[in-house]
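What TrEMBL records for A:12-36, A:70-91, A:98-123, A:151-175, A:196-218, A:264-284 is transmembrane segment. The domain 'ABC transmembrane type-1' annotation in TrEMBL covers A:66-277.
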Amino acid sequence: MNKVQSNKAWFLVLPMLLLVAFSAIIPLMTVVNYSVQDVFDPNTRFFTGTEWFVAMLNDPALQGALLRQFAFSFTILAIQIPLGIGIALLMPKQGWRASLVLILVTLPLLIPWNVVGSIWQIFTRGDIGLMGWGLRELGYGYNITRNPLDAWATIILMDVWHWTPLIALLCYSGLRSIPEAYYQAARIDRASRWAVFRYIQLPKLTNVLVIGVLLRFMHSFMIYAEPFVLTGGGPGSSTTFLSQSLAIMAIAQFDVGPSAAFSLIYFLIILLVCWVFYTAIMNLQKDKS
Amino acid sequence: MAQITLNALAHTYSPDPAGPKDYAIRQMSHVWQQGGAYALLGPSGCGKSTLLNIISGLLEPSDGEVIFDDRIVNALPPEERNIAQVFQFPVIYDTMTVFDNLAFPLRNIKTPEAQIKGKVEEVADILDLTPLLSRKAKNLTADEKQKVSMGRGLVRDDVSAILFDEPLTVIDPQLKWKLRRKLKEIHQRFNITMIYVTHDQLEASTFADKIAVMYEGQVVQFGTPRELFETPAHTFVGYFIGSPGMNFLEVTLTPQGLAFGTLPIPVAPALLEAARHSGSSNIKLGIRPEFIEVSEAPGDETLAVEVEDVQDLGTYAILSFRIGSAAFKARLDEGVSPQGPRAHVRLPAEATHLYIDEYRVEVTQ
């Protein structure tokens, strides 16, 4: 057979290539560019190699922010995933109640990040905020600007309020897709309520939960606006997470080189965690030979 | 082990039914003998799955009683009825191995683990699942999954009946045949009452000793495959069983006898008497294509008909023809192949049935 050599097909790939270049590769490469240079002014720059990366990894302030960030992400996942599944299991299956509950549950998802921070800022104020005032009236000296524990608890509560609905929504859709026959078979097999959850509902939720966990991890790992508005990263630096540290460095101090190196490290951490998690889950479903 | 009795059973989904039209299952009484192999046969929406769910306890009937041996079980949930059910789409526990799947019903009733092993291995052996025991059930093929879900019913010693709800729908044709034979084998071995829901007459007649043909929420005939073929009790049975189905001729009663339009149709005197006696105007004559005698030359009691088409199906041929405006089909004997536009047919009296208001009239001839 005569094969006609033609490379015309490459032209068809070109639009996509351009799109990806402008949306991802070029912005990312500028960051890479800054991360290996020390820029003094538009005309003066030095090549620094991995210097900024080493400096960033050894910076105690950033190490602290990174630890806090992991602690935060794992805490909210540990609360939101079980809570979201629980809510989904309790939601009505059909009828007007199902629609009503769906809307009520979804409402927090529709509120912009900054607004969430502002709402909670007001909510937790000791003088006019319902929660702040209420806790004080109950005798607890609640103060998020002084007590790091209060600040932490409030940020976690805020994130749980804001994002658990996403998990609930995903699980609800997953639960609705389980055919009735599975429940009927389980009844005939005399499965307990727990066994139905453990062997029917949870396995069928695996896929939506993987998506949920990945989304929530990435999202929470990048959290910025809410703690920024609520606590400003304080008291001290007790609620300063990675994004805020980065913003201070890049915008307030204009340390372009270090913040570029830091951005790349930040990005790679998210990528790595997601990859490890996804691979681990997918391996669970394979046969052990 | 149980004999299942349906006593004046009926079911409606509507809270205040106005008439028989509102019933998914119209009133019926039947006895399903212990150890029998039964099929519920009918088209989609005829109520056969509803009836099955009532027997298994997934649905509580609105009227009448379901009796297992001597116990009324209407209000008992499926888990207390000692039945197993195999669904249309294989239900397996994805994350478990085949062994764990089969052991699941036993573990739920706290059977000692040593006993479980023996029982699971026995059932796996019968179902040819032994090499798969350590595999994850999720990765099996559809027919293997269906065998696993059947196996979950067989491991329990207390199971008195296994109900099948179109279990072969998702199975490949060549495997269907194997699995059907397996079912039969299991039935003979375990002496368990089996009820098999299907819309496929071949599946029903190869599996069951007795078939209940359902139509619009009623069991219109309950009999052996042979009875359904030779003496359909209802026009629907005639039409649904057999390929092609029974031929029907809507006839009218005239002072001279039965006639189709102006064409007099000769029938046995006893049938004519029964038709006169009924006072109904819905009178049909039915005959299976297999019993129509076709010849090329006119003979005694033959009718001249217009040939429309001869369809050769390989092993035999089907002749389509018209008696007046009524379309008929006849199975041709080997060697007979009417040429030209006309043929002559004889409708043997012993194979011709009279239906009044859709039900067959029994007469002693």
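Backbone N, Cα and C define each Cβ position, glycine as well.
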Among A:70-91, A:98-123, A:196-218, stretch most in contact with the transmembrane segment (A:151-175) (C-beta, under 8 angstroms): A:70-91
Considering the transmembrane segment (A:264-284), which listed stretch of A:12-36, A:70-91, A:98-123, A:196-218 counts the most C-beta pairs under 8 Å: A:196-218
Long-range neighbours of the transmembrane segment (A:98-123), counting only residues six or more past its ends (CB under 8 A): 87, 91-92, 129-132, 154, 158, 161-163, 165-166, 168-169, 172, 224-230
